[in-house]
């Protein structure tokens, strides 16, 4: 009468004293006989040990024996409050006897222990939680029987479980290990969340939990996707039932609770059976064999119809004729799954090991008012490896034909047996089979690259268009005849930077004008050509370095004529308010341009060297005047507004070494004399 929570599985299990974790009663005894497969040994691990040792383990103790029965031998006898046993107790055979004796005592919780075969070196107990381990990720083996009433968990998948939760109990809730078999868990620790949801799964109720510093989740194979009830991948024609609830309400409307209504999260009524007994079923055809790892159920989800199924069996088949009831390995009884406890909340149950079948049937055993439910199946695709083609060599010919035939039959039988036992060769890890797995990464890559390429090409086109417009505007601004009005005092100084002080070798070329029409101007004789190759300019530009100013002249000749100084004189023209790019107009009250005069350079001495020339006029006549290597300085300009002509000094030149290349000019004198006077 001293046995408490006990689950003895084929490879692992859990055992505890009566009333654990409360004080065990006096004068109780319990004995457990543990047996595993021959050839294996048993290891025992204590999760908690608290037995009264006031009488030195005389009346209250825990004793462990090798073997079972009268031939057993003692391994050890243990007692003590808060006794810490760091190691494992290992047997010498595949059988162990554990004996608990409780004498007269006033305190002591008793004990809780786990066992497994010795090949499970990472065995833990049902009391271990994530806070007991410092690694961010680890593997442990959970024993069978960790769904215990005195432990609790908070959280659910896929969000995770609070770090104070029992690792193995959470593993059962998540569906990664079985409570009757135990199993390996792969735990990942991460940062906690503010709130943990609660749910019912695999007969384990997870409670709502508050904020914690850490949480843990489990790594799984990923075969937990929905198989198509909710999404509609499974058509209505593949959902059938033993009977259908149907009736007419007071308004005469017919209510039919058809089997195709048994889709999880689908709005409206669920499937309901017309007769409520243990022979009703809901059947789902998956169209081909699938790996089924779990099921999620709800009730009617309609408040006015409080119907739900609280317990059921699972049957499966490949042909819908021969059915198999689901049982856990090593068990001789059908597995009864806990259903819903009300009509709204979802309840999940997992199949460990998973079911491989095409036809799936739910057989309700307990219900509230009427049999009604909505369902979703969890799992993934199932692939069957094709058996390789067997090519057998011909048997050698000898007298023992019967022996050869026997050998061939045995060989074929052994090959067939090996192929049958190795039927499944690959298990695809598909988390959600409702999504077609044919979507490739190329589609996602194209979805990203196409918009990027469109944006790049659009940007390039905009840049080219803007550059083309900018170039056209620049050309238009360079070819404009009329420039804006600039400061008269500094205009000519600014123009000097565009004109070289000494030009290269040029042939005598007529000046070509590119300004407004001059056909209305009065003719006047002017020199025909300028022979100087290099000259600075003083005031109005009418000549100069012809070879380098073809594009900078501002006057346009008459149509059909070759422009030169022998043509009509544009200086003596009516006064117009037209500003040219290279000629600065005089005030409106006076003549627009001063009249150049032909200078006689023969009567003037040469000026000192190094004085730059700023005269703009060419010697008269067809013969070039004598040249020297220096220039005379221009002193002033006739700036009188009362006379239309100005007096210019006659340039005098002397022959010199550079007579063939340069001109000598005297600086013109600006005096207030009459139009016909001169001043040297």
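The backbone N, Cα and C atoms fix where each Cβ goes, and this holds for glycine too.
Quick caveat, the model's predicted, so the values are computed rather than measured.
Checked against TrEMBL, the range among 616-638, 639-661 recorded as region 'Disordered' is 639-661. Looking at 391-416, 417-442, 443-468, the stretch flagged in TrEMBL as transmembrane segment turns out to be 443-468. Of the listed disulfide-bonded residues, namely 3, 30, the sparsest Cβ surroundings within 10 Å are found at 3. Residue counts for the domain 'LCCL' (120-216) under DSSP (helix as H, G, I; strand as E, B; rest coil) come to 11 helix, 38 strand, 48 coil.
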